[in-house]
Amino acid sequence: MIFENEVFKQDWRSRKKVQIFQYLILKWGFALLIGLGTGIIGLFNSISVENIAGFKLLRTTSLISEHRYLEAFVVYAGINVVLAAAAGALCAFISPAAAGSGIPEVKAYLNGVDSHSILAPSTLFVKIIGSILGVSSGFVVGKEGPMVHTGACLASLLGQGGSRKYGLTWSWLRYFKNDRDRRDLITCGAAAGVAAAFRAPVGGVLFALEEAASWWRSALLWRTFFTTAVVAIFFRVAIQFCSTGKCGLFGEGGLILYDVNSFTGTYSASDLVATILLGIIGGLLGSLYNYLVDKVVRTYSIINEKGAAFKIMLVVAISLLTSCCYYFLPWISTCAPCPTDKTEICPSVNESGEYKRFQCKPGYYNDLASLFLNTNDDAIRNLYSSRLTKEFHISSLGIYFATIYSLGIITYGIAIPSGLFIPVILAGAAYGRFIGTLFKPIATLDTGLFALLGSASLLGGTMRMTVSICVILLELTNDLLLLPLVMVVLLISKTVGDSFNKGVYDQILKIKGIPYLEAHAEPYMQNLVARDVVSGLLITFSGIEKVGNILHALENTGHNGFPVINEPPFTDIPELCGLVLRSHLLVLLKAKIFSKERVLVSHDTFQRISALDFGKPGLGKGVKLEDLDIKEEEQDMYVDLHPISNASPYTVLETMSLAKAAVLFRTLGLRHMCLVPKSQLRPPVVGILTRHDFMREHVLGLHSNMNPH
């Protein structure tokens, strides 16, 4: 929402055509910069992960081939622990906000929840480096969530004109000084993050629309599409460059792109039965996954609160557990002879091969090692492959699924940047191929396509997204003919999962105590009216108020908005003049535009303050209460609040249904909603609602005897 006070309106009226043109150019220019910046970071991330993980796997495989098994484990686990500890230390000491996926935090910001550290430059730095270290260390995590957070941080840095703390400020960029423009940029950044992680530009736009953004406008659709198109073009050029071998081990398989376009487009009734079964299983496993992640994150939060040392020790412990599982579980798998009709070299000789020899004799391969001793991207590519019809034994698929499913749950919540998409895609692909192997005698689809459907079902069961996941998977796999089955499996898994609990990102928002406003009102809100949830003392100001009264209110309350009331002799009866923000009051008090008499100030007096000073400050910026230097004699002077008051605040009758007020509050993107009385004999404002007044805990705390269902 744009706060339309007289200062803002005058600023827009005074702008020349060249300034308006510059504003429009900057909006599209920022979209271009966000796309390029996110693309560069995504490419750097992919190249780094492929080379670091590739070196580790090549060294481990080399030692195993020389039968130096213990030394191979020490090297493998040692590199993993060092990388994991470095990622944990970055999060623990520099930016704790960089831990986790980042998607819930971006969702919260786009829902209207401001937080100082969510999009800070330090968070951007730790998110980039920590994600590279975490993924390279072999954790069951992905870079997709961190890439969304990275794109949002980059957009925020541009939108607020840089960072004053780090000496990176550009005054000519400070055009985006309101919530709407800032949120639009961050939405573009989130879409670019998905496009960079998955090489799915259309999927990125749909992800921003379906999951990230709370408010959407048609003009924003064009800019997000342009941003993701820039990312796609950049990656296409970069891949062509890297295919020449100039990017180290990155080139052929560094980015996630699983080509399964061997599907002919025909399927039988047994395939539909298997698809429905996958959807049901995906919904059940997804809801269980969300339930267990909820418990694990709550447990880890108790450990992480004990300090940085405990955070790092937890990261190291999970890293050691993951390394042990990845290295020792392949030993229980039996060696299988290399297929005679193979199109790939068997056993494999590179770090991302499909037939890992591990401890087997020449001419044989270990199917579990082909999954565990690979990067996550290459493991998914192997599971999706339609060429490898007999590579994975059904018992190996069961072991791999159980391991990835469990490790994905216990890894999320530790102090490293970690995405949830890859663990879910991996686990889904494993049980999808497992089901495909069972149905192989009667099904026409190959097991690789069942793996894709399994990933779709588990994604639908955990994330509870449909349209964006469907398009992302189609862009990943280059197979439009599989669209009907993917749609069916997503719809079924989401429906089954919704009957048990909420999506994983919604649960994480709740765990972190973030006041996120849902798109729909809770059922119990139908039985309440707006005045039923008003709590605390209402503080109002006169149109021309004493400096001391304002200072006292700011010092003794944490309110961010105050109704402004015009009183006699300026009006015949008290009437609502507008709403003034705390941040604007601080700017006004610091400028000391005071008068000894209670009179309206002239327009020229306010020329001493720039309209930019009243704009939305950057993260951690803005005037603070301790910055004020108000002398005792100045507290008896007066200040005119009319020029900085929003003269058209959103108001509703106190008797409006709370459900209706909640939907209105979220739909309009409000921060404050004034309640006006039904009777004219009462004060012009009887209460003010903020997002906290619509939270479940607040409402049920005031009405404990109410049934929440």
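First residue shown is number 1, and so on along the chain.
Keep in mind that glycine also has a Cβ here, set from the backbone N, Cα and C atoms.
Where the annotation comes from TrEMBL, it is an automatic prediction and has not been curated.
Owing to the predicted nature of the structure, the values given are computational and were not obtained by experimental measurement.
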397-414, 415-432, 649-666 - the one TrEMBL records as transmembrane segment: 397-414
Most Cβ pairs under 8 Å with the transmembrane segment (185-208), selected from 20-48, 118-141, 312-329, 480-497: 20-48
Interface present between the transmembrane segment (118-141) and the transmembrane segment (312-329) (three or more C-beta pairs under 8 A): yes
Within the predicted model, mean pLDDT of the domain 'CBS' (644-705): 92
Cβ contacts under 8 Å made by the transmembrane segment (272-292) with residues that lie 6+ beyond its boundaries: 405, 408-409, 424, 427-428, 431-432, 435-436, 439, 443, 445, 450, 453-454, 456-462, 485, 488-497, 499-504, 507
Same-chain residues at least 6 beyond the ends of the transmembrane segment (220-239) whose Cβ lies under 8 Å from its Cβ atoms: 27-28, 31-32, 34-36, 38-40, 42-43, 184, 187-189, 191-192, 194-196, 199, 201-202, 204-205, 208-209, 213, 255
Leading stretch by Cβ pairs under 8 Å, where the reference is the transmembrane segment (118-141) and the options are 20-48, 69-98, 397-414: 69-98
Secondary structure composition of the domain 'CBS' (644-705) [DSSP: H/G/I, E/B, coil]: 22 helix, 12 strand, 28 coil
